Amino acid sequence: MLACLCAVLWHLPAVPALNRTGDPGPGPSIQKTYDLTRYLEHQLRSLAGTYLNYLGPPFNEPDFNPPRLGAETLPRATVNLEVWRSLNDRLRLTQNYEAYSHLLCYLRGLNRQAATAELRRSLAHFCTSLQGLLGSIAGVMAALGYPLPQPLPGTEPTWTPGPAHSDFLQKMDDFWLLKELQTWLWRSAKDFNRLKKKMQPPAAAVTLHLEAHGF
Amino acid sequence: MRSMVDDARIPKPGFWSNWSSWEEADAQNSLGHDPLFVFPKDKLVEEGSNVTICYVSRIHQDNISCYLEGVQIYGERLDRSVSAFELKNVSFIRKKGTNVFCKVDQGGALGGIVLFVSKVLEEPKDFSCETQDLKTLTCTWDPGSDTGLSKQPSQSYTLFESFSGKKTLCKHRNWCNWQVAQDSQETYNFTLVAENYLRKRSVSILFNLTQRVHPMTPYNLFPKNVRATNATMTWKVHSIGNNSTLLCRLELLAEGKVIQQHNVSIKVNGEYLLSELEPDTEYVARVRCAYTNHFWKWSELISQKFNTAEAAPSEAPDVWRNMKMVSGHPTVSLFWKPLSKVHANGKILFYNVIVENLDKPSRLEVLSIPAPARSTELTLDQCSYQIHVTAHNNVGPSPASVIVISGDPGNEEVESGRVNGTEDGFSVSWKPQSGDATGYVVEWCDGPQDLPCVLQWKNLGPNTTSTVISSGAFRPGVRYNFRIYEISAKRMAHLLEKKAGYLEELAPSDNPQVVMSNLTSHSFTLSWKDYSTESQPGFIQGYHVYLKPKAGEQCPPAFEKTVLPEDSVCCKHTIDNPEQKTFVVENLQPESIYEFFVTPYTSVGEGPLDAFTKITTPDEYSHILIRIILPMIFCVLIVMIICYLKRQWLKEKCYPDIPDPYKSSVLSLIKSKENPHLTIMNVNDCVPDAIEVINKPEGSKIQFLGTRKSLTETEFTKPACIYLLPTEKNYSGPGPCICFENFTYNQAASDFASCGHFPVTPQAPPHQLGPLTSPENLLKALEQNYMNSLGEIPAGEANLNYVSQLASPTSGDKDSLPTNPPEPALCSEYKMQMAIPLGLASAPPSENSSLSSATLLGQGEHYR
């Protein structure tokens, strides 16, 4: 029995989960990214309220749910549950990265159009935070060894209201932009939570290992 | 459609062209495939406009609702697929536009427009142009409000000059620069045009360039050659054109107020000598300039601060003194007030005090006291002194202040008066005493009497007989004492009057400590002699004595009934003399409880209502009893002490162990009063009939007398008495217990002795003594013996009954009875010697029997 215990203690540093001096892996990055999405969710709740009031009724009414007329270019966050479950990590992260790249671009256009200084400050602050989230996702992807998606030439999203785009439709786009952003942040929280659980170290393996020796 | 030219260069009104011909268009088909269209798209209108909105639908119109800012609106149906809504007098809501939208209730189709409502463009206000250098014109205006719609940029401003025909688009909303032409154009006609998408507004001014010169701010303003009373100021200005002159205004300020103002015409350099300045004073000089040819506006101000130089103090310090005796020497405290800034002319460094003896020539004593000291103390002698005080600054001394101190303080007792305080202070007045007064001084202390005096004084002119003394330190309820001095021509001060007053009298804050004394059944005395009337918050006018009698009792005569603040009724007596500090409360009831309370009162009111002190008047006669009983007790004590100290003497005199008939004072009394022929019977002269020798233990006697036990049990347990027959006349050997029996004496009296009279032998058995074993028998025997003896007493000898009891163990006869060694001495029996008058003996038998009983008891007591 004593010999077994000594053998376990001798091999203990070799157990990967207990080796504190090694590379922590992508776990902490994923946790930080998850925390950032939750923070942005909270921040967006305040910003969207202010901005929709700035647009005026009906956009600031709680039950306003217009058809998605001119916002076809916005990346959709909603996806079939089975499809979402079947996504692999790389695809999941790639979709997040691409969505926020587009949304950030649209958001900056929104900032340029804002008439009040206070609103511009709030939007600028949010854009900075969103830029941080984008960098954080890129960091997770790099830690997992996934390459960053390269934007195809000519597909760079632009903020061009255009003469045919009426002001009312533009307000609808703004509304949908904020709504999609909110949905994406919610989806990202789910994504990163799933990823976080997946990347957690197999602590139970140590227990099983010890039990195998009769403890 | 028609058209019109709109250009500022073309005078208005313009002319409209003719209307074009009508063109037809199929709106519905040209729109597209959307189910709902709302028009006009993104319309910009002015506030107050009427706007018509319509929608074109491809579906049934009953399901379509339209909203303005979330509020449903109802319009007119123009066609199967077209409806119109008229919005009247639209107003500005937000920069992002007013939202109008229509939606299909079930289908989810939605269409809308944003209506941009702009505020009406305002005409620029306060439009003016001016130049600083005749080279550039700067035009300014107030643009008014700007809607700032996202659909419409801010209004633009264009400056147009009609004489030259030039125009410039202004880069700023409220000002614009215009370069003056080199061709010396003097007159300008400017038109400022404000323009947005909806409206154009303009305003014009016409002016001469030289009449719109606003010089630049002067610079390099400096003081030069600054002295105590003057300084030269220099400055520079920017030149305007060639040989242009500027009018500059130089102002001098002291403590924020303009005290001097000078106009100076200059070209480039300005200079001016400011005079009549105060020494050591901070001034501010400021200057501004205007175009001399035509005044349009002053330039901006430039300021410079400077200080004038110091000068010697211009006025003597205000000096006063206070004299007192310290250790027998006159001591003078000198006080002076710091010189005002106006008179100090600089920082006072020290004060010089020069003391000059006026009575005898001596050296001047000079004291230098550094500032900021305000007093010094001088110890002088009985001579008169003249004291000079000067204040010194960096430049020199002030004029001297002279005061003369007399060595003889004189009689400064003067009458005291009162002074009334008002809001402004104390109005003090006095009567001049001599005609040669050079001035008066009123002196007082700023603080209350119980605090160290901060001496204050006020100098007044010779013709003044009143003044108002005011001080921020005066407080209500504090007594202030004022002394008025007259300053003679010799600079000496004499006390004229004393005044005391309160700024505002208050009610007393505390009550005196009252001592109650002389309490009798009908009165008591109250006194509060320690109460000081001087240190009260008002002039004490008297005292109120409150008395609470017992319930239902009337007030004593000097009191009147009053109601206290707490609604209790009590009696009040008013003492209107503040110096009367005792009061006798009279006409009280004995053995009653009274409560009293004394409070002073001023003109404002009386002191606080404190707790009453309770007393109880004593019984009416108790004092009399005390007066009698106490001396008696004292006397008795004295007698007892004397008796104790002289107990030996008393014993010898009154109850010696061995009474000596010759020494008995009783005998002498009887002898002198009753029978002068009474003599002392000598034992040797008697012929005894029988001799009883009794020998019995002492303890048995005690038992007999104390416990009344039977004689058979006690006395005769051991034969105690030996009865001797009187056969030998000269027998002189008494035993330890010897009874002499002489039948010339009263037999009854002798029977009281413990020894029996039965002629028994010593061997007689105890039972033979039966008749005496009980008290009844004893009394009977006594009666019988007494009756017998009365009949047997010879007439010649019946005047004295004498019972002689001699049992003296100390007599020399003890040696004659060797058969009874020491024992008998312990039981020596004492028999009272009595000389009973015959009259007493012949009393009725009943009385005699009682007397005998008493004698028996007395005998018994003696034994005990």
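Cβ coordinates are placed from backbone N, Cα and C, and glycine is handled just like the others.
The annotation domain 'Fibronectin type-III' is assigned in TrEMBL to B:217-311, B:316-411, B:508-620. Positions annotated as transmembrane segment by TrEMBL: B:624-645. Taken from TrEMBL, the feature compositional bias 'Low complexity' applies to B:841-857. According to TrEMBL, the feature region 'Disordered' maps to B:841-864.
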Six or more residues out from either end of the transmembrane segment (B:624-645), which same-chain residues have a Cβ under 8 Å from its Cβ atoms? none
Do you know the DSSP helix, strand and coil residue counts for the domain 'Fibronectin type-III' (B:217-311)? 0 helix, 53 strand, 42 coil
Confidence summary for the domain 'Fibronectin type-III' (B:508-620), mean pLDDT rounded: 86
Counted with DSSP (H/G/I as helix, E/B as strand, rest coil), the domain 'Fibronectin type-III' (B:508-620) has 0 helix, 43 strand, 70 coil
